[in-house]
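Visitor: What TrEMBL records for this protein is below:
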| type | residues | note |
| --- | --- | --- |
| DOMAIN | 71-199 | domain 'ABC transmembrane type-1' |
| TRANSMEM | 12-35 | transmembrane segment |
| TRANSMEM | 65-90 | transmembrane segment |
| TRANSMEM | 111-135 | transmembrane segment |
| TRANSMEM | 147-165 | transmembrane segment |
Amino acid sequence: MKLIKFKEKAIHFFFFLTAISAIVILLGIFLMLLFNGIRMFKDVSAFDFFFSTVWNPTAYGEPSYGILSMVMSTVMVIIGSMIIAVPLGIGTAAYITEVAGPRTQEILKPIIEILAAIPSVVIGFLGIIFVGPLIAKVFNLTSGLNAINGSILLAVMSLPTIISISEDAIRAVPKDYKEASYALGANRWTTLIRVTIPA
C-alpha cells in the first residue's frame, strides 16, 4: 500500500516538474525576446519602427526597421482569406448538415479531415508551384507571389476549422426553430438561410 502511494506521489511530482519546466522555458524565451526587443529601441525610433514602410536591416550606413508594410500585408491577407473561407466554410457546413445524405456525409467528412491534416509547408509549396503562376497568368503580373496567393492559401488552411465549428453550431440549433419555420410555409432553403444559419 505504501509502495503504491509512493509511486502515485512520484508520478504526480514528475508531471508537476514537467509542467513547471515547460512554463519556465516559455517564460525564459518570452523574457529574452522582450529584453532584446526593448534594447533595440535605443538605436531605432519607436515611431519609425511602427510607422515606416522600409525594412532593410542590412543596409550599408543606416539600416531601416519599419514594420508598417508587413503589418498591412498581414491584414490584407487575413481579410482576403476571410472573404474566401467564411462563406465557403459556412456553406459547406450547411450543405453537410442540412442537405447532404448519409452517404455524401461519409465521403465529405474524411476529405475535410484530410485537408486539416495537410501541413502548412505543403500548402505553401503548392501555392508557389501552382497557384502563383496561375495568378500571374490570369492577372498578367510578373509574379503571383502576392496577397491574393496568400489569401487563397490561408483560406484553404482555415476551411476545415471553419467547417467543423459551423457544422457544430448548425447542429446545435433547436429543431423547434426549423419546425416553426416550416409551419409558417417556408421551404428548406429559406429555413436554412433565414433561420438556421443566423441562429
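Every residue, even glycine, has its Cβ placed from backbone N, Cα and C.
TrEMBL annotations: computationally assigned, not manually curated.
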Visitor: Find the member of 12-35, 65-90, 147-165 that has more C-beta pairs under 8 Å to the transmembrane segment (111-135) than any other listed stretch.
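Guide: By Cβ pairs under 8 Å, 147-165 leads among 12-35, 65-90, 147-165.
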Visitor: With DSSP helix as H/G/I and strand as E/B, how many residues of the domain 'ABC transmembrane type-1' (71-199) fall in helix, strand and coil?
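Guide: Per-class counts: 107 helix, 0 strand, 22 coil.
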Visitor: Short question: which residues 6 or more past the ends of the transmembrane segment (65-90) have a Cβ under 8 Å from it?
Guide: 40, 44, 48-55, 57, 147-148, 150-152, 154-156, 158-159, 161-163, 166, 197
